[in-house]
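Trainee: Just dropping this structure here.
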Amino acid sequence: MEDKLIIGGVELESRLFTGTGKFPSKEVIRETLEASNSQVVTMALRRVDFDNPEENVINYIPDNFTLLPNTSGARTAEEVVRIARIAKAAGCGNWIKIEAISDNKYLMPDNQETIKATEILAKEGFVVLPYVSPDLMVAKRLEEVGAAAVMPLGAPIGSNRGLKTKELIRILIDEINLPIIVDAGIGKPSHAAEAMEMGADAVLVNTAIATASDPVKMAQAFDYAVQAGRIAYLAGLGAVKDYASASSPLTGFLKGE
Amino acid sequence: MSFYEEYKRVKNIDFYSFFAQVTKYDVEKVLAKDRLREEDFLVLLSPVASDYLEEMAQKAHKLTVQNFGKVIFLYVPLYLANYCVNQCAYCGFSVKNGFKRNKLTINQVEEEAKAIMDKGIKDLVVLTGESRKHSPVSYIKDSIKILTEYFSSIAIEVYPMKTEEYKELVEAGVDGLTIYQEAYNEEIYDEVHITGPKKNYRFRLDAPERGCQAGMRRVNIGPLLGLDDWRKEAFFAGLHANYLQNNYMDTEISLSLPRLRPHLGSFQSNSIVDDLALVQIILAYRLFLPRVGISLSTRESDKLRDNLLPLGITKMSAESSTAVGGYAKDKGVKQFDISDERTVAEIKELLLNRGYQPVFKDWQQL
Ligand code: SF4
């Protein structure tokens, strides 16, 4: 059975999204991305140096990747929108990961500003992937205003603490008709596998790979973990509701089954 | 609101009896904690904690990598003018020191900008001495307008301003503010700032907060180490950073740890801050404030800077000139002597060899 994730019209085989921040060198970024088997890579537009090819991180990203510029550094919807437009004008494509963060202590996303920015950018034709605190009503609003996926955090950025928001993410998986990509907090391959077993559509991993002693090996480990988690989900582990099966073995007699 | 209230609350703590009571067990307890409180921070600054520098360093390193990654941001200072109306006992630009002052014309600002840009630097700190007459806000603003064409991020390190003035500069393209309190100890502050507007302790102390209110994206503060007992000064500055971080969550706060350097004056420091002390301060900052940036200037020697790198540093200056017009032309009088004379290329090489990625650009002018 083919199991594909489609976002913004792009078919993805790998459900591991990777990042480019926090790496010890740009060369390591390239090697790691190749090893990760990933197809989508996020990068902070604030760090992209268009005037300086040697410093420009984009030149270290293999060609077969879909670029997912993020709006890291933006504090408000307005700043998000401006960064997104700069990214597009600079040739980074029309995918955008919204990060609207006005809390530098925990780096928690501002859901309100995120909704506003998503609405504006979706209307402008961007494929918008908003990074949010997992909240059902917020995710519903994002769905309404045209987000292409929802990226809830598992734990605060860079904390490596795993799926601390598991119950809330589970609700999003059940209720939202968009791909759910768990972003932030995933510290180990087993965390990624757990998210995938639950039925998440993909995970984004940056810190755990970038700051590992051997980022290349760690990227491979995440690739396998994400695949294993997905297969487990497809194999039936992912049944979140433990009631309402189609064939009603306990009450079928009432309907003459 | 003002940090001054906090300062008043803690200024009369009996630091020496507190330190005398700290035990090894207290330090170990703090090291085992996830979130540190004010007293924990003070424990880490205690003489007893200096026996735990390696343990602190391990933890600080881990926290730094986790929060910032294996990257170091590079910046360069640009001195626009060295006219100054103050008499600070510790500084070469003091009004009492006779040397030929100068100030860059707008054309010269552009020449400097080009010379710095050729090094690959994108992040600039613009400095002037304190003279509203020679370097009025309008002059700084005109310079910024030129500089925004060359740099992606510009901070100012100038005299304290009013919120409105900061706002004007933010609109012109400034995104960062650096302002050192020099001495948190109010009495010592008064002694070392002999004459001039800088004597106004409160106006300076509240300047970082006004910067946050004016919409600065990042605010960098610090004590000038060597003017009073470093354990106290480091404590006050750490609380100040914590105060700003808690009250202005949308501003990135960072700390610097300048130590007194040789300069064109006679002031001799009476509180020596040796390398061991500097290390302890950096570590205590990192453990108390895991998300706060810590920058290290070329005031420090190359060897020391290399070794401090993994302990919590997130930002470094490179190939700095502290003279007005020092990049495009030959050097004039410097504010102080720098120690690390390596070029940007050399620093870049060093960082890569040490497993760190040098980051030249970390903000996009919007
Ligand atoms: S420290 Fe600043 S204010 Fe004081 S004399 Fe030097 S330049 Fe002037």
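In case you wondered, yes, glycine gets a Cβ from its N, Cα and C as well.
Predicted automatically and left uncurated, TrEMBL annotations should be read as such.
Residues annotated as domain 'Thiazole synthase ThiG' in TrEMBL: A:7-249. The active site, schiff-base intermediate with DXP annotation in TrEMBL covers A:Lys97. Sequence annotations record features per position, and here TrEMBL assigns 1-deoxy-D-xylulose 5-phosphate binding site to A:Gly158, A:Ala184, A:Gly185, A:Asn206, A:Thr207.
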Trainee: Of these binding-site residues, A:Gly158, A:Ala184, A:Gly185, A:Thr207, which are close to chain B by the rule of a Cβ under 8 Å away?
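Mentor: Cβ contacts with B, in sequence order: A:Gly158, A:Thr207.
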Trainee: Look up A:Lys97 (active site, schiff-base intermediate with DXP) in the DSSP assignment and report helix, strand or coil.
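Mentor: Its secondary structure by DSSP: strand.
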Trainee: Who sits close to A:Gly158 (1-deoxy-D-xylulose 5-phosphate binding site): which same-chain residues at least 6 apart have their Cβ under 8 Å from its Cβ?
Mentor: A:Lys22, A:Leu107, A:Ala184, A:Thr207
Trainee: Just counting, how many other CB atoms are there within 10 A of the CB of A:Gly185 (1-deoxy-D-xylulose 5-phosphate binding site)?
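Mentor: Total other Cβ atoms inside 10 Å, all chains included: 25.
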Trainee: In sequence order, which residues at least six apart in the same chain have a CB under 8 Å from the CB of A:Lys97 (active site, schiff-base intermediate with DXP)?
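Mentor: Same-chain residues close to A:Lys97 (active site, schiff-base intermediate with DXP) (Cβ under 8 Å, separated by 6 or more) are A:Thr42, A:Leu68, A:Pro69, A:Asn70, A:Thr71, A:Leu129, A:Pro130, A:Tyr131, A:Met151.
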Trainee: If you skip the near sequence neighbours and keep only those at least six away, which residues in the chain come within under 8 angstroms of A:Asn206 (1-deoxy-D-xylulose 5-phosphate binding site), Cβ to Cβ?
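Mentor: Listed in sequence order, they are A:Thr18, A:Gly19, A:Thr20, A:Gly21, A:Lys22, A:Thr42.
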Trainee: For the binding-site residues A:Ala184, A:Thr207, work out the Cβ neighbour count at 10 Å and name the residue with the minimum.
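Mentor: Ranked by other Cβ atoms within 10 Å, the binding-site residues A:Ala184, A:Thr207 bottom out at A:Thr207.
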Trainee: I'd like to know the mean pLDDT over the domain 'Thiazole synthase ThiG' (A:7-249).
Mentor: 88
Trainee: Which chain neighbours of the 1-deoxy-D-xylulose 5-phosphate site, leaving out A:Gly158, A:Ala184, A:Gly185, A:Asn206, A:Thr207, have a Cβ atom within 8 Å of the mean position of the site's Cβ atoms?
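Mentor: Nearby residues not in the site list: A:Ala155, A:Pro156, A:Ile157, A:Ser159, A:Asn160, A:Asp183, A:Ile186, A:Gly187, A:Val205, A:Ala208.
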